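According to TrEMBL:
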{"type": "TRANSMEM", "residues": "37-58", "note": "transmembrane segment"}
{"type": "TRANSMEM", "residues": "79-99", "note": "transmembrane segment"}
{"type": "TRANSMEM", "residues": "105-130", "note": "transmembrane segment"}
{"type": "TRANSMEM", "residues": "137-160", "note": "transmembrane segment"}
{"type": "TRANSMEM", "residues": "180-202", "note": "transmembrane segment"}
{"type": "TRANSMEM", "residues": "214-236", "note": "transmembrane segment"}
{"type": "TRANSMEM", "residues": "266-290", "note": "transmembrane segment"}
{"type": "TRANSMEM", "residues": "302-319", "note": "transmembrane segment"}
{"type": "TRANSMEM", "residues": "331-351", "note": "transmembrane segment"}
Amino acid sequence: MEKLTSKHLSLLVFVVSVVSLRTYPSLFVRQGGRDTWIFTIVASVLFFIYVLYLINVCEKTSTLDFNKIVITSLGKAYGNLYLGIFVVTLLLTAIRSAAVEANAIHVSLFVETPIWFALLFFIPAAGYAASKDFDSLIVITIVSTTFVLLSGVILSLLLIKTKRINYLLPILRDVLDVKYIYSTIEQLGAYSSFAIVLPLLAQVQHKEKLKRHILIAVILAIIVAVSTMIGGISTFGHMRFKNILYPRFIQSQQMPYKGFIENGQLFAIFNLVNTWFLKYLISIYCALLVFKDRLRGINKSLIIAILSVVIYIGAYFAAKNTFVLFRLLRIYHYISLVVFFIVPIIIFTIYRLKTSLNKCK
């Protein structure tokens, strides 16, 4: 693996953390209603504390090797079991990335384009990029994230006129319901994709500003997530917003500007394809990195080809029915919450305690 800096990693953190909340926020509004943006803030605070805690443990123990932390905390048998579950969840993340991208294009833009055909444009290209060295991912990340942020800012500015703050009012009018807790938990599950980049921490060069750059990326992701939720509800109202599968495409159609820009679907599709493409790549890279020692001597291109076929089949069956896909996404968020959020907190806590005890001895 080539040189990876903390600035590069911060871009990866931003992409994997926010893309779900930005692409299908309506999934969470179905549970949280008008006040979903408040629960987004609650989930964001918990997410920030989670990231800060993991990074502080790494800093206090002077350890960034994810595999080492897991094996030391759980022992070899249970540690390898968790790493296996972690990799399987990464592959589920890759399937989810391909499925959402293909389904969103099919539902929102090219209705007559079948899912299997849309996947043919996504998975082979991603597989080719993944077969290259890590420099390819860094270059793709820098270029794509820069344009994604720029186009996102432009689109948001042009859509300001479509927002009505009164759609957010009254705040917390209804009695607190268990659905609000589900909305918060599911958003936290979406945020917890941050854990995808944990295997990359040990590869970072010049770690002095690692914590600072990661926290900046997390704050930026939180700002984007909260603004997406507030922007969507204030544009459509929560009753309509929760029934729009991919709201960004509908929002982008409302931005005629002085007869020059007809609509912003180009911005929407650019953001969608680039962010999910990056998340797919990062998931594959990190899955291979976790099992790097076990896969030594096996042709990398062959592994990626096999994974691509498996992911293609999984993504096709997940994406061909939109309602099934959204039910699977909800299930995925709970799996992600356990594997990427709850278990890492336990593992890092055990590692911190073991390290402290060893120092005392």
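Count begins at 1; order follows the chain as displayed.
Glycine is no exception: its Cβ is also placed from the backbone N, Cα and C atoms.
Ranking 37-58, 105-130, 137-160, 302-319 by CB pairs under 8 A with the transmembrane segment (180-202) puts 37-58 at the top. With a threshold of 8 Å between CB atoms, the same-chain residues lying at least 6 positions outside the transmembrane segment (266-290) that come near it are 1, 12, 15-16, 19, 22-23, 66-67, 83, 86-87, 90-91, 93-94, 97-98, 100-101, 104-105, 108-109, 122, 125-126, 129-130, 134, 137, 140-141, 144-145, 147-148, 151-152, 154-155, 193, 196-200, 203, 246, 248-249, 251-252, 300, 303-304, 307.
By the Cβ criterion (distance under 8 Å, sequence gap of 6 or more), the transmembrane segment (214-236) is counted as touching the transmembrane segment (37-58), at least 3 such pairs being found.
Residues of the same chain lying 6 or more positions beyond the ends of the transmembrane segment (331-351) and with a Cβ under 8 Å from any Cβ of it are 20, 50, 53-54, 57-58, 61, 63, 69-70, 72-74, 82, 85-86, 89, 92-93, 96, 185-186, 188-196, 198. Long-range contacts of the transmembrane segment (37-58) within its own chain (CB-CB distance under 8 A, at least 6 residues past either end) are made by residues 17, 21, 28, 64, 69, 168, 171-172, 180, 183-185, 187-188, 191-192, 194, 198, 201, 210-211, 214-215, 218-219, 222, 225-226, 229-230, 233, 341, 344-345, 348-349, 351-352.
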